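Database features, via TrEMBL:
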{"type": "DOMAIN", "residues": "84-229", "note": "domain 'Phosphoribulokinase/uridine kinase'"}
{"type": "BINDING", "residues": "G89, S90, V91, A92, V93, G94, K95, S96", "note": "ATP binding site"}
Amino acid sequence: MPVSPYLHFDRAAWSELRNATPLTLSAEDVAQLRGLNEALSLDEVAEVYLPLSRLLNLYVAKAQELFRVTDAFLGKPAAMVPFVIGIAGSVAVGKSTTARVLQALLSRWPDHPKVDLVTTDGFLYPNRVLEARGLMRRKGFPESYDQRRLLRFVADIKSGREGVTAPVYSHLSYDIVPDEVITVSKPDILILEGLNVLQRGGAERAFVSDFFDFSIYVDADEALLHSWYTERFLKLKETAFRRPESYFHHLASLSDERAREVASSIWREINLVNLRENIAPTRERARLILRKGADHRVQAVHLRKL
Ligand SMILES: Nc1ncnc2c1ncn2[C@@H]1O[C@H](COP(=O)(O)OP(=O)(O)OP(=O)(O)O)[C@@H](O)[C@H]1O
Ligand SMILES: CC(C)(CO)[C@@H](O)C(=O)NCCC(=O)O
């Protein structure tokens, strides 16, 4: 049998590892976490995400020590270096939810209260550029992102720069929002979430993941991903698509059956192809893999030891 670089935990074994977590959730925290995603169960937070936040807290403390060692070696005053966590995985696997839960949990640890969250969606080229390059049906593929700008962004944050800006993407208009940016200033931790964060390639000599201190791949079977994508599409049909400014407004009046077909064809022709060609092959680059089953329940965790 080939040697695996990962330690494998089933859910029960993993949840044991929260035992020493001196972190309890107040009623207010619970309400806050509920607000992130009403489908997220609190068992999930306690059994999966609390142990993960404990592990990350230990890594952050060690990394801060190492950065200080380098400064001491250089004879420089100690400077704070942001700890960067990348979260990768397919469309609809739940990257944003995982990122928000971790942001909420990590910001409660006393030694790193400022946890910022950025999605790589903002680095997609605007539709105008994608249209000109014939890439409107390749959104999410490597060539649909301004990879240089994304790399610059992460490098700037890592180097301790203040006021680093990122463009903003709107799922409602399905496009970059003109003249809007988010600003990140010296966070203790930056969580960068996106399909592409573990990808390497293109013309650049450095990769976004060169700046990661930890990385997570959220994983699930294709059939589950397909159903999560379709369910979310149907939910959006009843909500966001009804707004006239929605890019998919013309789909709001479809029957559920027809909407399911439209969602399935977008899934098959765009997101599944991207998953197979560009996203799934990056899974084994992650430090930790969260393996989800039905209802988004994490069934197993794989932690890289080598
Ligand atoms: N832990 C969870 N428990 C229950 N439901 C979840 C969980 N995580 C995600 N979901 C549901 O799965 C769907 C996709 O989640 P989310 O938007 O977080 O995914 P994503 O990977 O960021 O997707 P995309 O890349 O398409 O934006 C949503 O409908 C969300 O409510
Ligand atoms: C914006 C991305 C690429 C990533 O979040 C994705 O949500 C997307 O829009 N994919 C293109 C096909 C689709 O509309 O699902």
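A Cβ is built for glycine as well, from the same backbone N, Cα and C atoms used for every other residue.
Among the binding-site residues S90, V91, V93, K95, residues whose Cβ is positioned under 6 Å from ligand 1 are identified as V91, V93, K95. In the vicinity of ligand 2, defined as a Cβ distance under 6 Å, the following of the binding-site residues S90, V91, V93, G94, K95, S96 are placed: V91.
Among the binding-site residues G89, G94, the residue whose Cβ has the fewest other Cβ atoms within 10 Å is G94. Listed in sequence order, I87, A88, G89, E193, G194, L195, V218 are the same-chain residues six or more apart from K95 (ATP binding site) with CB atoms under 8 A from its CB.
Counted with DSSP, the domain 'Phosphoribulokinase/uridine kinase' (84-229) comes out as 49 helix, 41 strand, 56 coil.
Each of L195, V218, L225, W228 belongs to the same chain as G89, S90, V91, A92, V93, G94, K95, S96, is absent from that list, and has a C-beta within 8 angstroms of the C-beta centroid marking the ATP site.
Across the domain 'Phosphoribulokinase/uridine kinase' (84-229), the model assigns an average pLDDT of 95. The candidate set comprises the binding-site residues V91, V93. Of these, V93 has the most other Cβ atoms within 10 Å.
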